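If you check Swiss-Prot, you get these features:
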BINDING   108, 110, 135, 137  Zn(2+) binding site
BINDING   248  ATP binding site
MOTIF     11-21  motif ''HIGH' region'
MOTIF     245-249  motif ''KMSKS' region'
């Protein structure tokens, strides 16, 4: 093993990557970048029965979306490839047969039916389920359907120092003679990960806490194969708000679902970094560069992290507000295109969207909220109850007169910008003996069809003179058609 820091993210394509899985990838990436080391991606595709088509692509898409670039792995290559375990099968068989030849592993001929019955009987007797080692000393050879099991030492302990949890000790007698090579010639996770971590010169293994009980098995394999083991660090679990294991019932779990829901990659990197790590007890917003600079295992918690959806939304809103109008518009376009009102408006283009985004940037927490906040700035097909044009303290006649006066004042403006509009419309309210809010409210409804909308005059400036005057004229027509009220 070299002195260089080399870490790996080794997902199994048995499903689409969830946030806990990607958090592990990110901690490995941060550790590598902080230490000037290498981040390797290895696809552990040896479980053929549970293999999910498209999962590898989803894994790589998630990494690319978050900017977790890898130094070796799929699409990159490297000196220690191939980086798909299904392409490394001869290495695992060679290691397994070496262990058999040295008396450290053995062929097991027990059928699946026999093993199922064994497990049922053990459970009935309230014993821990496990293999009874009946083939351990029989000296059996290879045959169809046989597996290779590792010979666990029957006494003693296996201890190691976890870089997060400190000294950890396991009794060997409580370990099972686990399978290392299956009957189909594919290795189990235990053998494949050990063989590959050694072959790829992995210096540190940062993985989820759920793999902690497997560590003694791996250390025994390292010793039996004559390898030097890497250093281990087991990351804390991620729990839902109710402190149960994070699952679909808490909301989205697939990383790509968060992308589709309108979360920014910057947000996800920042947020996931705080699920088990903290720089101090108060700082919550970090740039990517700061995370790389500050990240260290000494500040990774031993206790489970709680996934807080409200905090995620808050953080995403904060990041949205830091974007330039151009950047936000580029990111918003795919979401706006999905809204039929906007798509059919004839106004959806990048230049126009750059003007729209500052109007709603402060209100959005996710990109998928943008369309609902601004569709009426694109679409002229706005409908509303004309009664909304009448302030509750005014009559229809007063409101109609006010709208006509405002329309005439706006039409006469030499410059149709927000400052000029406010400069002329605010005094008009006084002339009409109205409060500014009353006149502004009428204009807001007339120009947007909404009672709650982005800043009025800035919105009207983006709409432009022609569209604004047309919308106000339509409002006057609608109001005129209502029965007259008498005060």
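Glycine is treated like the rest: Cβ placed from N, Cα and C.
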For the motif ''HIGH' region' (11-21), distant same-chain residues with Cβ under 8 A (at least six beyond the ends): 43-47, 50-52, 54-56, 58-59, 62, 189, 208, 237-238, 246, 253-256, 258, 272, 307
Neighbours of 108, 110, 135, 137 excl. site residues, C-beta within 8 Å of centre, Zn(2+): 106, 107, 109, 131, 133, 134, 136, 138, 140, 149
Cβ neighbours within the same chain of residue 108 (Zn(2+) binding site) - under 8 Å, at least six residues apart: 131, 135, 140, 146, 147, 148, 149, 177, 179
Proximal but sequence-remote residues of the same chain as residue 137 (Zn(2+) binding site) (Cβ under 8 Å, at least 6 apart): 106
Tally of residues which DSSP labels helix, strand or coil - the motif ''KMSKS' region' (245-249): 2 helix, 1 strand, 2 coil
Secondary structure composition of the motif ''HIGH' region' (11-21) [DSSP: H/G/I, E/B, coil]: 3 helix, 1 strand, 7 coil
Cβ neighbour count within 10 Å of residue 135 (Zn(2+) binding site): 18
All-chain count of other Cβ atoms within 10 Å of residue 110 (Zn(2+) binding site): 16
Across the motif ''HIGH' region' (11-21), average pLDDT on the 0 to 100 scale: 93
